[in-house]
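> Can you read through this structure? Questions will come right after.
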Amino acid sequence: MRKRYSLRRYLVGAVVARAGDEMAGPALMLAGFAVAGSSVEASSLLAGITLSAAVGGPLLGALLDRAARPGRLLAGALVLYAAGLGAILAGLGRLPFAVTVLIAAVTGLAGPALSGGWTAQLPGVVPGDRLPRANALDAMTFSAAALTGPALAGGVAEAAGAPWAVVASVMLVALALPAAWALPARSPVRPTRAREEGAAPPVRPVCPGGTGPPERSSRARPPEPSARARPPKRSARPVCPGEAAPPEHPAREREPERSARPDVVKPPGRPARERQPGRSARTRGGRGDRGTRTASMAGDLLAGVRIIVARPALARATLASTVSCVAQGMLTACVPLLGERVLGGAGRGAALLSCAAVSALLATAVLARFPRALAPGTVIWAGALVQAAALASAATGAPLVLVVAFLATGCAEGPQLAALFTVRHREAPERLRGQVFTTGASVKITGFAVGAATAGPLATRSLPAALLLAAAVAAAAAPAYFAIRADRRPYLRTEPHPTGSPGCRPTDCSDRY
């Protein structure tokens with residue numbers, strides 16, 4: 001009997017892969033700065049590997065949703081990411097810098113596999129009643145990776161040189177390959193299109209008098225069959241008490257009547273296309289199937305985006321978290337200057353990121369202990385306001401206030417990420433779950449890169465102005481959340497909740513979970 005894939009194995013693989021990803025960014029910046037001697041070129045490598053995630057995320061998600069074994073595809077994406085990091089390191093100082101940035105952009109296409117692509121496989125690992133706690137534990141892996149990745153990059157670069165920090169990040173990503181390869185296969189049961197679009201389930205018929213749904217005729221005890229008699233087939237329609245049962249084989253009774261009237265002419269319809277010898281309209285692996293697969297892939301790409309936009313709870317969470325991620329990128333760009341001007345050394349800025357990662361880890365652990373204490377939407381918009389207040393206080397330049405500000409930022413970031421995962425798991429259809437996660441992750445990564453690219457030049461001129469701008473962006477995430485109106489229309493949920501409840505009453509489920 002094959003051993004079940006455990007949550008522990010999932011978490012270990014996720015934290016190792018994400019630690020390698022978190023280590024890769026600072027390691028590339030350090031290696032680029034050591035070779036080029038310019039912070040602009042070093043930040044260009046980071047921007048190249050992050051901005052391309054906007055393209056790779058939706059495509060990777062569509063492929064994961066269509067794969068029978070998504071773990072194999074996820075492992076392949078990790079191999080491409082690790083090989084790309086090695087190619088960037090090999091090209092530094094040997095190839096034109098523009099070519100190296102292009103390699104970084106191609107490598108970044110597989111970046112969402114380490115974040116959203118991995119998290120999308122969580123419902124196949126744990127049952128629905130354990131998913132809220134597993135969501136919080138999965139969010140803790142991001143905080144743990146953010147804590148260990150930059151620290152490892154700085155330590156290895158200090159001890160052996162910046163290129164070896166990139167090598168260490170490649171090794172961490174490679175260590176996660178067995179856990180990704182062994183992820184469970186996708187369930188063969190697929191939801192229907194009506195369920196994916198949020199349509200209400202078909203209403204069961206009710207007998208006259210409102211006595212409840214009728215019983216099927218097959219539930220009645222069948223008569224004892226004789227030696228040669230066939231047992232009666234199940235009726236396709238439920239039969240109410242006192243109602244005559246439909247005939248056993250109505251199609252067979254009408255069949256002689258159709259054959260007895262040869263003069264009936266079939267109404268003209270769409271003319272059939274004549275087949276040429278040796279060719280068929282659609283052959284396996286032929287042009288027809290290739291066109292169908294291409295159209296289906298394009299349809300899946302559009303369907304994932306439509307789900308994010310059409311479902312208000314998912315759209316609100318995605319928009320608010322992306323705006324918050326822009327502010328986080330702006331803060332990250334200010335970290336080296338904060339370490340140099342406030343703490344006495346640019347390398348000490350990594351300690352500020354470690355403070356934020358520790359507090360995020362602790363706050364997410366508390367949320368894992370009480371997963372239903374606050375509604376996910378409340379955690380998302382309130383966390384954005386806490387980050388805004390922390391960034392505004394960091395602009396004062398006092399060392400103690402700066403440390404407290406980063407601790408508060410982490411306390412908001414960790415639960416906000418866990419709440420975002422809860423909303424995605426709840427709102428995303430099973431067939432499009434991977435695409436929803438990777439598309440959302442790619443949008444957030446792109447927002448982070450835009451924030452870092454915007455704040456970098458501004459922080460060089462005025463560090464307090466860059467921090468205040470980041471605070472304003474973080475504060476804008478709360479009104480952005482409420483700018484999308486919640487869907488108050490009553491509907492019946494056709495898929496069971498991740499919490500294990502059988503379904504919602506005709507109320508807005510997103511407000512209750």
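Heads up, the Cβ atoms here are built off N, Cα and C, so glycines get one too.
A quick note: this is a predicted structure, and the numbers were derived from the prediction, not measured.
TrEMBL lists these features:
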COMPBIAS  249-264  compositional bias 'Basic and acidic residues'
REGION    187-295  region 'Disordered'
REGION    493-513  region 'Disordered'
TRANSMEM  46-64  transmembrane segment
TRANSMEM  73-91  transmembrane segment
TRANSMEM  97-115  transmembrane segment
TRANSMEM  162-183  transmembrane segment
TRANSMEM  317-338  transmembrane segment
TRANSMEM  350-367  transmembrane segment
TRANSMEM  374-394  transmembrane segment
TRANSMEM  400-423  transmembrane segment
TRANSMEM  435-459  transmembrane segment
TRANSMEM  465-484  transmembrane segment
> Mind pulling out the one from 73-91, 97-115, 162-183, 400-423 with the most Cβ pairs under 8 angstroms to the transmembrane segment (46-64)?
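Against the transmembrane segment (46-64), the leading stretch is 97-115.
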> Given the cut-off of 8 Å on Cβ pairs that are 6 or more apart in sequence, determine whether the transmembrane segment (97-115) and the transmembrane segment (317-338) share at least 3 such pairs.
no
> List, by number or range, the same-chain residues at least 6 past the transmembrane segment (350-367) whose CB is under 8 A from its CB atoms?
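That would be 26, 136, 139-140, 142-144, 146-147, 150-151, 154, 332, 335, 338-339, 343, 373, 379, 402-403, 406-415, 417-418.
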> Is it the case that the transmembrane segment (317-338) and the transmembrane segment (435-459) touch, counting contact as three or more CB pairs under 8 Å in which the residues of each pair are 6 or more positions apart?
yes
